[in-house]
Amino acid sequence: MPSHRTRLIAALDTSSYEQASRWATELEGRVDAIKLGLEFTYACGLDAVKKLSARQELFLDLKLHDIPNTVASGLKALAPIHPALMTIHALGGPKMIARSRAMLEEAFEGNDSRSRLLAVTILTSMNEQSLAEVGINATPLDEVVRLGRMAVRSGADGLVCSAHEITALRDALGDAPELVVPGIRPAGSSTDDQKRIMTPAQAARAGADWIVVGRPITRADDPAAAAQAIQDELRTAVP
Ligand SMILES: O=c1ccn([C@@H]2O[C@H](COP(=O)(O)O)[C@@H](O)[C@H]2O)c(=O)[nH]1
């Protein structure tokens, strides 16, 4: 059983700067980082991302997926925001991942706190059937481990995966890659569009470095209390 602390990231998915700012304020001290993604960034822009992340650690989840030069150049443009974590899609392949990592090393010039590169494996909204729909005839588990090995070998600092794949990824890759885990649902909450889900406690016991929780926090009547309940669950899950 893992002994390290699983940290909580709140996904602030909204197109409203005021709403995101309210959540960030309410959640300060109750979450370990905030995640801003496509909705907020496209609607509010990168200056708003920078402003909102001034007080808290930032996971900038833009899931870049393009040819190697375009993705690496995109990351270079994002580097001045200095997110702790940024995402690209593992399916972009080894050259795209290697160029991205090299670009981050260059942009941060050996700075120990450079942004860390996460490769998204298989989205947690997909199951075996959805993989078959895009022509991948494999289980999510096998596909995540296959992509995870390739991504880490190519330079990813960590992976985005579901909690169901953590044990297999640790067996294959050891403790070093940072595993960031969305698809988290406290017992009894709506699954929404997520398919490969686990509770915060289950993900912590499996060894997640970070869990990502959006709607169970942001749609709660009291987001701060919802986040605190998840932190309490994480703390008691692992002795
Ligand atoms: O495979 C993935 C990759 C990223 N996400 C992101 O995490 C949050 C989850 O939000 P919930 O409201 O808790 O479902 C969301 O921002 C996704 O873009 C993911 O869910 N799965």
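Placement of Cβ uses the backbone N, Cα and C atoms for every residue, glycine included.
Annotations in TrEMBL come from automatic prediction, not curation.
According to TrEMBL, the protein has these features:
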DOMAIN    7-230  domain 'Orotidine 5'-phosphate decarboxylase'
BINDING   D13, K35, 61-70, T124, R185, Q194, 214-215  substrate binding site
ACT_SITE  K63  active site, proton donor
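Not one of the recorded positions L62, K63, H65, P68 places a Cβ under 6 Å from an atom of ligand 1. Across the domain 'Orotidine 5'-phosphate decarboxylase' (7-230), mean pLDDT in this model comes to 97. Using a 10 Å radius centred on the Cβ of P68 (substrate binding site) and all shown protein chains, the other Cβ atoms total 18.
G214 (substrate binding site) sits 17 Å from K63 (active site, proton donor), taking the CA atoms of both as reference points. In the three-state DSSP scheme, H65 (substrate binding site) is classed as coil. In the three-state DSSP scheme, T124 (substrate binding site) is classed as coil.
The two recorded residues, T124 (substrate binding site) and the residue listed as 'active site, proton donor', have Cα atoms 13 Å apart. K63 (active site, proton donor) and D13 (substrate binding site) have their C-alpha atoms 14 Å apart, to the nearest angstrom.
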